[in-house]
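One structure is given below, encoded as structure tokens.
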Amino acid sequence: EVYFKNLSKQKQKEVMEKNGNNHKLRVCVATCNRADYSKLAPIMFGIKAEPQFFELDVVVLGSHLIDDYGNTYRMIEQDDFDIHTRLHTIVRGEDEAAMVESVGLALVKLPDVLNRLKPDIMIVHGDRFDALALATSAALMNIRILHIEGGEVSGTIDDSIRHAITKLAHYHVCCTRSAEQHLIAMCEDHDRILLAGCPSYDKLLSAKNKDYMGIIRIWLGEDVKTRDYIVALQHPVTTDIKHSIKMFELTLDALISFNKRTLVLFPNVDAGSKEMVRVMRKKGIEHHPNFRAVKHVPFDQFIQLVAHAGCMIGNSSCGVREVGAFGTPVINLGTRQTGRETGENVLHVRDADTQDKILHALQLQFGKQYPCSKIYGDGNAVPRILKFLKSIDLKEPLQKKFCFPPVKDNISQDIDHILETQSALAVDLGGTNLRVAIVSMKGEIVKKYTQLNPKTYEDRLELILKMCVEAASEAVNVNCRILGVGISTGGRVNPREGIVLHSTKLIQEWSSVDLRTPISDALHLPVWVDNDGNCAALAERKFGHGKGIENFVTLITGTGIGGGIIHQHELIHGSSFCAAELGHIVVSLDGPECLCGSQGCIEAYASGIALQREAKKLHDEDLLLVEGMSVKKEEVVSAAHLIQAAKLGNTKADSILRTAGTALGLGVVNILHTMNPSLVILSGVLASHYVNAVKDVINRQALSSVKTVDVVVSNLADPALLGAASLVLDYTTRRI
């Protein structure tokens with residue numbers, strides 16, 4: 001709050017001077033149904049909290065005032081808002097003609113209300129036919145319009161209505177970068193577009209930890225547990241009413257067969273809703289022991305119900321938008337939401353024409369937990385919208401301006417009036433250090449934090465969360481928008497579930513650890529986890545020598561030996577997530593013992609630990625030091641001393657390094673004969689010492705058909721962090 005006030009203070013002063021020091025912006029918020037109120041209420045609370053800048057008038061119309069839809073105007077009164085006007089605008093019939101007549105009735109009644117209120121600006125939400133009547137009335141009466149959630153894409157007639165309102169509106173608040181680009185492509189004035197996020201996310205992202213069991217028991221019964229019930233919300237598709245009713249019937253049949261406690265909400269007031277209610281009653285849903293059928297659930301309670309559900313099913317925009325904030329599984333049926341951006345928690349059943357398809361989707365999704373998604377907001381929409389409202393100059397001409405092609409670069413307003421850099425939080429869990437960094441889309445490490453890696457699980461997880469929260473807060477100051485968290489760790493990892501299955505001996509108490517859930521819950525960000533060798537390969541694919549290469553292998557030569565394999569541009573994990581354990585390729589049947597328990601592995605010859613072991617042996621026998629070298633009493637003998645001795649002419653040290661390079665080279669030859677990559681990248685602190693030895697072994701031992709392979713040393717300064725970042729950046733930027 002302090003940050004926002006300091007940031008906007010100067011702009012507010014300028015606008016107040018332009019509009020007259022005593023003039024408050026008179027804002028009319030018109031709400032038509034329970035869905036749009038959930039988006040408008042946070043804005044209304046924000047406006048009400050700043051009476052020195054705003055006067056708020058609330059107009060209620062549409063299905064808010066119909067008993068069959070829960071008389072939802074009461075929740076507006078319970079929120080302590082004064083309702084200036086109630087307009088009964090719905091013509092009953094629930095068919096296409098009734099929708100048209102309802103728009104006409106609203107157009108007849110609204111002019112008198114707007115004449116009395118004389119608002120400076122009207123806030124209109126979304127894509128409902130009631131909203132079209134509001135925007136039409138305000139535009140024709142020369143009242144400025146602020147449209148919430150324009151630019152989005154979905155199915156049915158809603159798409160056309162949404163875009164029609166966009167053309168009538170003077171100002172636009174959108175939720176996603178794609179929606180912003182759509183508005184620009186529709187020739188809207190760039191300076192009047194605000195990318196704020198969805199206002200409902202301001203409440204969603206702070207809601208999950210509140211008491212919820214009481215709410216679940218009220219709506220679903222005393223015996224229901226979390227993650228063991230379903231929320232169903234399905235509306236008619238106005239462009240194909242007959243098919244949507246049939247799909248609803250199949251959905252209810254599938255839910256009955258699935259045999260889980262289910263909360264079914266009545267559909268909205270669109271054409272076809274009456275027939276859908278008949279289907280519910282025909283199947284006895286209101287009296288079925290597994291079902292609870294309700295007309296309305298207050299939004300605060302609805303949040304808790306979907307946050308802790310085993311699954312949500314239907315075709316409501318709530319499923320593909322708000323529910324992603326909790327990682328709750330969603331089954332999206334039919335075409336009503338076609339084109340909307342979704343998180344990975346959404347499973348689409350586009351052609352839901354059989355009960356078996358829907359039942360199979362329930363079996364796949366029920367009870368899962370996905371990473372929390374912030375595609376539609378980061379919890380700071382309302383401060384941005386209020387700041388945007390305060391920046392409106394009422395002395396500017398009312399006539400809209402359109403920016404016709406060619407479309408200029410995006411210069412829409414954000415909270416800082418500048419574009420934020422899309423970035424990732426990268427976490428590297430090493431044997432010694434724990435590092436967290438903010439990494440930009442171009443691979444620039446904007447900020448890095450380093451701490452010693454704690455020895456216990458509890459201390460380690462606590463430190464990870466603390467460092468991530470600190471880095472996420474700092475991201476605002478360095479103008480970075482965090483898209484997600486990527487974690488690179490040693491050991492065997494299940495990247496699908498975000499779990500460390502087995503760790504290396506270098507990281508204690510780090511087996512069967514779920515990293516995704518606690519970090520995602522704490523930061524409200526999606527989280528990806530993978531093995532450090534795989535992350536190094538991903539870093540090369542995005543930022544290094546592997547960029548644009550279809551098949552290549554990365555070998556890490558450090559404390560241990562690891563790596564990753566890219567085949568046909570994709571990372572190979574293997575059936576049990578054990579692919580690319582390249583350090584444990586056996587190159588000698590009677591070689592030295594490896595930390596894995598086997599003998600003759602590459603790691604037993606060429607890792608930093610192996611070289612340190614050999615250096616200590618030489619030192620104990622007084623065969624390590626040569627002229628120009630010294631080791632202090634308290635100094636630990638390391639691989640670096642062995643390398644230094646070899647450079648200064650120690651033949652025994654040189655022989656050990658050549659043996660290590662040969663072992664690594666034999667391992668690479670095995671990889672070439674197995675995977676046939678076009679490129680081998682050596683990464684890590686020992687890479688430059690091994691590259692020539694590896695090339696020599698390939699020339700001597702490899703088949704002629706693979707000798708043309710390129711062997712190079714990585715030019716990346718920090719492949720572990722860059723690889724962790726690429727987990728996020730590669731996925732979030734291509735997901736639609």
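The backbone N, Cα and C atoms fix where each Cβ goes, and this holds for glycine too.
Sequence annotations record features per position, and here TrEMBL assigns domain 'UDP-N-acetylglucosamine 2-epimerase' to 53-390. Summarising the annotation, TrEMBL assigns N-acyl-D-mannosamine binding site to Arg492, Thr504, Asp532, Glu581, His584, Glu603. As annotated by TrEMBL, active site applies to Asp532. TrEMBL lists His584, Cys594, Cys596, Cys601 with the feature Zn(2+) binding site.
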Legend entry - Additional residues around Zn(2+), ordered along the sequence, whose Cβ is within 8 Å of the centroid of His584, Cys594, Cys596, Cys601: Gly583, Val586, Leu595, Gly597, Ser598, Ile602, Glu603, Ala604
Inset, instruction - Out of Cys594, Cys596, Cys601, point to the one nearest Arg492 (N-acyl-D-mannosamine binding site) in space (Cα versus Cα); all of them are binding-site residues in the record. - result: Cys596
Inset, instruction - Pick out which of the binding-site residues Cys594, Cys596, Cys601 has the most other Cβ atoms within 10 Å of its own Cβ. - result: Cys601
Legend entry - Rounded Cα-Cα span from His584 (N-acyl-D-mannosamine binding site) to Cys601 (Zn(2+) binding site), Å: 5
Legend entry - Nonlocal neighbours by CB distance (under 8 Å) for Glu603 (N-acyl-D-mannosamine binding site), same chain, sequence gap 6 or more: Gly560, Ile561, Gly583, His584, Cys594, Leu595, Cys596, Ile609, Ala610
Legend entry - 8 Å Cβ shell about Arg492, Thr504, Asp532, Glu581, His584, Glu603 centroid, N-acyl-D-mannosamine site members excluded: Gly490, Gly491, Asn531, Gly533, Gly560, Ile561, Gly562, Gly583, Cys596
Inset, instruction - Look at each of the binding-site residues, Asp532, Glu581, and point out the one with the fewest other Cβ atoms around it within 10 Å. - result: Glu581
